[in-house]
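As recorded in TrEMBL, the features of this protein are as follows:
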TRANSMEM  22-45  transmembrane segment
DOMAIN    60-356  domain 'Plant heme peroxidase family profile'
SITE      R97  site 'Transition state stabilizer'
ACT_SITE  H101  active site, proton acceptor
BINDING   D102, V105, G107, D109, S111, E123  Ca(2+) 1 binding site
BINDING   P200  substrate binding site
BINDING   H230  heme b binding site
BINDING   T231, D276, D284  Ca(2+) 2 binding site
Amino acid sequence: MAINKTRPCSVNRTQKKHQESIMAKVTISFVALLLISSLLLAPYLSISEAADNSVPIVSGLSWTFYKTSCPKLESIIRTQLKKVFGNDIGQAAGLLRLHFHDCFVQGCDGSVLLDGSASGPGEQQAPPNLSLRTKAFEIINDLRNRVEKACGRVVSCSDIVALAARDSVYLSGGPDYGIPLGRRDGLTFATVNATLQNLPPPFANATTILSMLATKNFDPTDVVALSGGHTIGISHCTSFTTRLYPTQDPTMDKTFANNLKVICPTVNSTNTTVMDIRSPDKFDNKYFVDLMNRQGLFTSDQDLYTDSRTRGIVTSFAINETLFFEKFVVSMIKMGQLSVLTGNNGEIRSNCSVRNADNKSYLASVVEELPVEEAWSDL
């Protein structure tokens with residue numbers, strides 16, 4: 001009887017321990033599930049938020065600069081670009097490249113849009129800019145007219161270029177992200193020599209590109225991420241035929257080279273070809289897959305995989321598209337703030353290709369008072 005009395009107690013203790021063990025496992029599994037879920041969801045939820053928090057903003061720019069003066073600005077631009085790209089998705093690459101060429105030379109001030117004058121040729125006449133798409137300039141002026149019709153002359157051409165580049169990325173399959181606004185348009189354009197000195201040529205190696213962009217406070221990850229913009233667009237044969245003739249560059253895949261020779265039969269061929277053979281019209285990470293397969297078009301592309309300082313970054317972006325998108329957004333926001341004019345500096349052009357006759361009257365009325373947290377500067 002004594003044994004019978006103690007047995008239930010023993011069973012209860014055993015059951016209790018078993019239940020506690022199960023509960024512990026369930027708790028651990030639930031926590032693990034939460035951790036896994038957060039890791040899986042975080043990249044998709046925080047690309048823009050991570051960039052917002054990690055990139056210092058230049059004093060005078062703001063994430064909500066036109067909230068009051070032109071609240072429908074971004075909607076106007078995106079709606080029109082959807083129509084443009086519906087007819088020709090190739091224009092997305094042209095607008096993205098325009099933003100790059102504007103910011104790297106004299107800062108993001110819309111100076112690349114200016115026509116030349118009696119003082120000399122404009123930036124458009126410099127060799128690196130001769131292949132910029134004429135249609136890209138037309139699109140920017142059209143967008144400026146649409147924005148002015150809705151809001152008056154309150155939005156700069158340089159801000160429109162920045163927004164058009166962002167929407168070019170997003171509407172061709174890339175990440176969507178916020179960008180700080182409030183840029184003013186420059187009053188002068190850079191010289192041809194200054195343009196040449198600030199735009200890396202397609203035949204530059206990784207050492208040259210890393211050095212050039214380091215002067216603008218870009219690190220190797222920025223350099224590789226920004227180069228990923230070559231995932232869309234086309235190139236003229238003359239930008240890479242020295243890799244084909246008179247002898248083939250040994251870092252180029254032979255089949256790839258033979259195919260290019262069909263498109264570009266001579267060193268001076270005027271034909272064009274796509275930058276990314278896998279998905280030429282989609283903004284994705286396939287450009288980096290191209291590099292790993294020795295199918296980069298330019299020396300400046302392929303050498304990013306050849307050089308040990310950037311090879312690992314290329315590989316990580318080829319494996320993880322979300323990581324590429326995250327780093328690309330950060331680097332684009334950094335680039336979009338290079339030597340910007342804000343406040344009462346510069347002007348807001350009525351015609352993006354021509355400086356205003358009198359710029360002063362179009363600044364004071366649209367300078368917004370920025371909150372302290374948005375006026376912080378560390379660039």
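One is the number of the first residue shown, and numbering goes on along the chain from there.
Glycine is treated like the rest: Cβ placed from N, Cα and C.
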Cβ packing number for the residue listed as 'active site, proton acceptor', 10 Å threshold: 22
Arithmetic mean of per-residue pLDDT over the domain 'Plant heme peroxidase family profile' (60-356): 96
E123 (Ca(2+) 1 binding site) to R97 (site 'Transition state stabilizer') - Cα separation in whole Å: 14
Candidate with sparsest Cβ neighbourhood (10 Å radius) among D109, D276, D284, the listed binding-site residues: D284
Closest of R97, H101, D102, D276, D284 to H230 (heme b binding site), Cα positions, recorded positions only: D276
Top Cα neighbour of D276 (Ca(2+) 2 binding site) in the set of recorded positions R97, D102, G107, S111, P200: R97
Neighbouring C-beta atoms (10 Å sphere around the C-beta of E123 (Ca(2+) 1 binding site)): 26
Rounded Cα separation (Å) that holds between H101 (active site, proton acceptor) and T231 (Ca(2+) 2 binding site): 17
Cβ-based neighbourhood (8 Å from the centroid) of the Ca(2+) 1 site, residues D102, V105, G107, D109, S111, E123 excluded: H101, C103, F104, Q106, C108, G110, V112, G186, F189, A190
Between R97 (site 'Transition state stabilizer') and T231 (Ca(2+) 2 binding site), the C-alpha gap once rounded to whole angstrom: 12
Other CB atoms within 10 A, centred on R97 (site 'Transition state stabilizer'): 21
